[in-house]
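K.L.:
First the structure, then my questions, so here it is.
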Amino acid sequence: MTFSCTQNHMMFLKNAIHGLDYHTVEAAKNMGASGAAIFFKVVLPVLKPTFFAITILTFLTGLGAMSAPLIVGGENFQTINPMIITFSKSNYSRDVAAFLAIILGVATIILLSVFSRVEKNGNYISVSKTKAKLTKQKINNPFLNALAHFVAWLMFVIYMLPIVLIVIYSFCDYNTIMTGEITASSFTLENYGKLFTSVEAVKPYLVSIAYSLAAALLAAVISIICVRFVQKSKNKLNKLFEYGALIPWLLPSTLIALGLTMAYGDRNPLIFNKVLVGTTVILLIGYVVIKLPFSYRMIRSAFFAVDDDLEDAAKCMGAGTFYTMRKVIIPVILPAVLSVVILNFNGLLADYDLTAFLYHPLFQPLGIVVKAASDENASIDAKCMSFVYTVVLMILSSIALYFGQGNGMEAIRKWRHKRMAKKVLKK
């Protein structure tokens, strides 16, 4: 669980730290504050909204985990979500499943309420009109400096070892994968040759990319609209929109899939008497539903970094609401929005729990194909291909991270500026 959730801290805390005003740190230093005092009194309060949001996300991820406890935990390691799924399969134990789901929902509601109240009581932003970029801070204590570097390199090895092994095994034959004995003759390109020479092998990637990207963008747009509406509305009843956006957090994704199947399995006036089950649309709806709470929570935290004076200044200059949103607010929250889109995109690429209920038989996403390749009854070629699928997934995720968190967007902006400069010179 720690391995899978560290990416959230790296991405969102990185954006929050980049948003810090270094003038506040310098002012604290000039007043004689120590490094620890600056961290706890100046830096940490600014990071608090993002930290709370990530904590909630990590807690809910662990609370609703299903595949990790089943595969890694073993038979004697029981968590609530697999128990709900097990009890819901039998007519005699569905009452127990409903009771456990209520416990899961109550625990989630209590946590969300506590963190929302704490977050509301104190959020701090810099009101400086000329913010300074945060610079690297040196750890002056030699022991703490060495300890920090040791822990960092140790964590690097721990996190990289599984990835390196997956890449190595993707180039190995079936016997090497089963025995774990790697020799010079074990390596082959046959696995990758099967992937890129077959249209049927590439199709799951295209289907997953289309679904994941569309769902990630839709969830982000809906979240921005809802957060803006709740934030600016003076009617307290509109606060219900926030809890409505967070409702999918209360239920396991498999139960959400069953609910969508039951709701849209018959003709419904809300959808013009159409049946969505068995179509390509219902999976997209399911993806948006399960990613909406996370998107809403993280984008809501990003809105705390928006200075109200910027919006007031835009209105004083005659800017409309939509123009202010597009030119003033969106650029401020764009790094967090991109992080949300990227995490949602990466999380949906190989989703299985929801996809297994809602996917179209002619358009199988990658999660279905990978799961079929990793089954005990799968063929020899399928077991080898499961490593290849994982490697390609990592490549796709890395590309998404490069454009969202790395230098990809900056490179695109520089390229566009050069093109515009050339056009101006030609004129």
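All residue numbers here begin at 1 and follow the chain in the order shown.
Positions of Cβ are set from backbone N, Cα and C atoms, glycine also.
Residues annotated as domain 'ABC transmembrane type-1' in TrEMBL: 1-115, 205-400. Annotation source TrEMBL lists transmembrane segment at 51-72, 96-115, 143-171, 205-231, 243-264, 270-290, 328-349, 386-404.
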K.L.:
Are there residues at least 6 beyond the ends of the transmembrane segment (243-264) whose Cβ is under 8 Å from a Cβ of it, and what are they?
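P.N.:
For the transmembrane segment (243-264), the far contacts come to 60, 64, 66, 81, 84-85, 88, 101, 104-105, 108-109, 112, 223, 226, 271, 275-277, 282, 285-286, 289-290, 292-294, 296-297, 351, 353-354, 356-358.
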K.L.:
If we skip the immediate neighbours and take only residues 6+ beyond the ends of the transmembrane segment (143-171), which ones have a Cβ under 8 Å from one of its Cβ atoms?
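P.N.:
Cβ under 8 Å, 6 or more out: 3, 6, 177, 182, 187-189, 191-192, 384, 387-388, 390-391, 394.
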K.L.:
Count the residues of the domain 'ABC transmembrane type-1' (1-115) that DSSP assigns to helix (H, G, I), to strand (E, B) and to coil, and report the three numbers in that order.
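P.N.:
DSSP composition of the domain 'ABC transmembrane type-1' (1-115): 93 helix, 0 strand, 22 coil.
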